[in-house]
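Asks: Submitted below is the structure of interest, expressed as structure tokens.
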Amino acid sequence: MIQVLLVTICLAVFPFHGSSIILESGNVNDYEVVYPKKVTLLPTGAMNSANPCCDPITCKPRKGEHCVSGPCCRNCKFLNPGTICKRTMLDGLNDYCTGITSDCPRNPWKSEEDEMKWSATAKGSVLM
């Protein structure tokens, strides 16, 4: 049997609680069957290599780091305030990082109709 370690990527949606899953696979009538089996210990460095910013136990940024991922996060640190995180095509009202979060906040000068008007190319037809 071949065992494959399923490395859990550290995301808030799928928190890591000190255990992982080993997938045991085998062949049954030429079909590969995978059976999950819970384990509690991981090889040293297995989780550390998944995301260098993330503490594998708490699934939060490591000590001394600011963020794990996001458009305003690079090398585990928030990008400087004023860094463009979302460039617009027509109106020049780009979205900028704040320096205190990894999210890319919407430019407050944009109106709701601007977002609707230029967000995507329309395809299809109008029925009247």
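Cβ atoms are placed via backbone N, Cα and C, with glycine included.
According to Swiss-Prot, the protein carries these features:
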| type | residues | note |
| --- | --- | --- |
| DISULFID | C53-C76 | disulfide bond |
| DISULFID | C67-C73 | disulfide bond |
| DISULFID | C72-C97 | disulfide bond |
| DISULFID | C85-C104 | disulfide bond |
| DOMAIN | 47-111 | domain 'Disintegrin' |
| SIGNAL | 1-20 | signal peptide |
Asks: By a 10 A CB contact count over all chains shown, which of the disulfide-bonded residues listed here is most packed: C73, C85, C97, C104?
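Replies: That would be C97, with the highest Cβ count within 10 Å.
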Asks: Cβ-Cβ under 8 Å from C76 (disulfide bond), same chain, 6 or more residues apart: which ones?
Replies: P52, C53, P61, R62, E65, H66, C67, V68
Asks: If you run the three-state DSSP split on C85 (disulfide bond), which class comes out?
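Replies: In the DSSP reduction, C85 (disulfide bond) maps to strand.
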Asks: C-alpha of C72 (disulfide bond) to C-alpha of C104 (disulfide bond): distance in Å?
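Replies: Just about 6 Å between their Cα atoms.
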Asks: Express the predicted model's confidence over the domain 'Disintegrin' (47-111) as a mean pLDDT, rounded to an integer.
Replies: 85
Asks: Residue counts in helix (H, G, I), strand (E, B) and coil for the domain 'Disintegrin' (47-111), per DSSP?
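Replies: Tallied per class, the domain 'Disintegrin' (47-111) gives 0 helix, 11 strand, 54 coil.
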Asks: How many Å separate the Cα atoms of C85 (disulfide bond) and C73 (disulfide bond)?
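Replies: Approximately 10 Å lies between the Cα of C85 (disulfide bond) and that of C73 (disulfide bond).
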